[in-house]
C-alpha cells in the first residue's frame, strides 16, 4: 500500500474537517492541563498553630480565632507542632520551657482557603507525609494509565479509550469531592490520574494519525499542548474564586462533561483501522472528511491486499529490533527526566515567594508562550539539537541557583521560572518527537511506555520538593543535574524533521553515533 499521507493528500491540510479535529481534540486536553497540578491548591498547607486546651479559658473564643495568628508565638507555643503546657492561673505561657504535642488539634488560617485536605484532616506535623504521598498516588495512577492505555488503545482503538478515560477522569473528580477520609481521597486520586494521562495520550495519537505531516506539528504544539497550557492557566483563576477544595474539584469536572457529546463528531483513526484490516471503515472516515472539506474523493481509496494477515503487536515488539529498542530505552530515560523536572517546578508554585495564585498563573503563562515559541522554532533546527538546547538551558539555570545569596529571594524565584522555560519547551516537544519516532503499529504502546517512565519521575518529584525542608537548593541541584544528563542522551536520537510517520517497525530510524 502506498504511504497514507500520499493517498489522502486530496483532503488538503486545513479544511473544515482538520480544523474541527484540531479544535475538539485540543479542548479535550484542557482538563488534563489542570488535573495534574490542581493539587497545588487542593493540598496546600495553610498557616496553622496548636489549638488551645479545652481547659483554657481562651479555647474556642473569638480572641483565639481573630488574634491567634498574630499572638500565637507569645502565648501558645514555640512552633506549629507543639504548645506550652497549661499552668494554673496563667495568662501567658511565654517563658515556660515545658511543651507538649497539639493534643486538641490545630487552628488553620482561612485567609487564603476556606478549606484544603490539610485543614480538613489535620495533615500536618506527624501526618505531613500524607500530603506528598497522596500527590504521588495521583502519579501512580498516571503511571498505570500510561502503561495500560497504550495496549488498550492499540487493541481496541484510539476513540473508545479517549472517551472512556475522559468519563473516568470526570466522574472520579466528582466522587473525590465527596471524600470523607484521606484514604478515600487518595484512592480516588489514583483513579483520577489514570484517566488524566490516558485521555491525554489517546487524543494526541488520534489527532496525529488523522492529520497530514504539515499540520501534525501545528496540532501538537498550537492545538494539543496549547489546550493543555490553557487548562493549566485556568486553574489559578478558578482557585482564586473557589477557595474550598471540594467545590474546586466539582468545577474541574465540568469541562469533561461538556466534551462527551463530541463522540458523534470525532471519528476513529483511519491509520489504526487500516492496520487492523478494517479498510471499509477507514474509507468511510476519509469519505466523510472529503464531504466536510467539499473535495471529491475516489470511490476506492485504499486497496486491500488479501494475502496480508492482520498481525497483533505487543510490548515485546518495542525491544524486538535494534532500532526500536534503542529508541525505547532512550525515550524512557528522557521522558522520566523531563517530566520529573517539569512537575517538580510546576508543583513548587506554592513554595515560591509571593502570591500562590499569581505564581501559578505565571508558571502557566510561561508554558503557553513556550508552546508558541516552540512551534515557531521547531523546524529551524534538527530535532535532537532542539531538545538538547532546551534541556541544557534548563539545567544551567537551575544549577546557577546555588550561587544566589540567601538574601536575594527574588533572584532565586526568577531563575527557577526562567529554568522552567527550557523544560516546558522540552515537555511539549517530546510529544512531537516521539510521535514521529514510533511506528503506527506500536505508537500508542511506545508512547505509553515512555509516559509510564515519565510518571515514575512525576511520582518522585513531590518527595524531591519535600527535601527543601532540609536544604532549599537541593531539589534544584537534582533537577538541574538530571536535565543536563537528559540533554546529553537526546543527541543520540535520530532527526525526524520533515519526515513521514513510520507505519511499520522496519521503518524505524537508526540512532545517531
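Note: Cβ is positioned from N, Cα and C throughout, glycine not excepted.
Those TrEMBL annotations? Automatic predictions, nothing curated.
As the structure is a computational prediction, the values presented were derived from the model and not from experiment.
Per TrEMBL, the feature domain 'Major facilitator superfamily (MFS) profile' maps to 90-498.
Sequence-remote contacts of a segment are chain residues at least 6 beyond its ends whose Cβ falls under 8 Å from one of its Cβ atoms, and for the transmembrane segment (20-42) they are 113, 116-117, 134-135, 138, 142, 162, 166, 169-170, 173, 192-193, 196-197, 199-200, 203-204, 206-207, 210-211, 215, 218-219, 223-236, 238-239, 245, 248-249, 252, 255-256, 259, 262, 265-266, 292, 343, 346-347, 349-350, 356, 360. Per TrEMBL, the feature transmembrane segment maps to 20-42 (among others).
For 131-149 (among others), the entry in TrEMBL reads transmembrane segment.
Taken from TrEMBL, the feature transmembrane segment applies to 161-185 (among others). Residues 28, 31-32, 35, 117, 121, 123, 130, 134, 145, 149, 152-153, 191-192, 194-196, 198-199, 202-203, 206, 245-247, 249-250, 252-253, 256-257, 259-260, 263, 266 of the same chain lie 6+ residues outside the transmembrane segment (161-185) yet bring a C-beta within less than 8 angstroms of a C-beta in it.
According to TrEMBL, the feature transmembrane segment maps to 219-242 (among others).
For 248-266 (among others), the entry in TrEMBL reads transmembrane segment.
Sequence-distant contacts of the transmembrane segment (326-344) (same chain, six or more residues past either end, CB-CB distance under 8 Å): 36-37, 139, 318-319, 387, 391, 394, 398, 420, 423-424, 426-427, 430, 434, 437-438, 446, 449-451, 453-458, 460-461, 464-465, 475, 479, 482-483, 485-486, 489-490, 492-493, 508-509, 511. What TrEMBL records for 326-344 (among others) is transmembrane segment.
Residues annotated as transmembrane segment in TrEMBL: 356-378 (among others). Sequence-distant contacts of the transmembrane segment (356-378) (same chain, six or more residues past either end, CB-CB distance under 8 Å): 37, 40-41, 44, 112, 217-218, 221-222, 225-226, 228-230, 232-233, 235-237, 239-240, 345-346, 349-350, 386, 417, 420-421, 424-425, 428-429, 432.
Among residues of the same chain six or more beyond the transmembrane segment (385-404), those with a C-beta under 8 A of the stretch's C-beta atoms are 334, 337-338, 341, 377-378, 411-412, 415-416, 418-423, 425-426, 429-430, 433, 473, 476-477, 479-484, 486-488, 490-491, 493. Taken from TrEMBL, the feature transmembrane segment covers 385-404 (among others).
According to TrEMBL, the transmembrane segment annotation covers 410-434 (among others).
The annotation transmembrane segment is assigned in TrEMBL to 446-467 (among others).
According to TrEMBL, the transmembrane segment annotation covers 473-493 (among others). For the transmembrane segment (473-493), the residues of the chain that approach it from at least six positions outside its boundaries are 326-327, 330, 333-334, 337-338, 340-341, 344-345, 348, 383-385, 387-392, 394-399, 401-402, 416, 419, 422-423, 426, 433, 437, 464-465, 467, 511-513, judged by C-beta separation under 8 angstroms.
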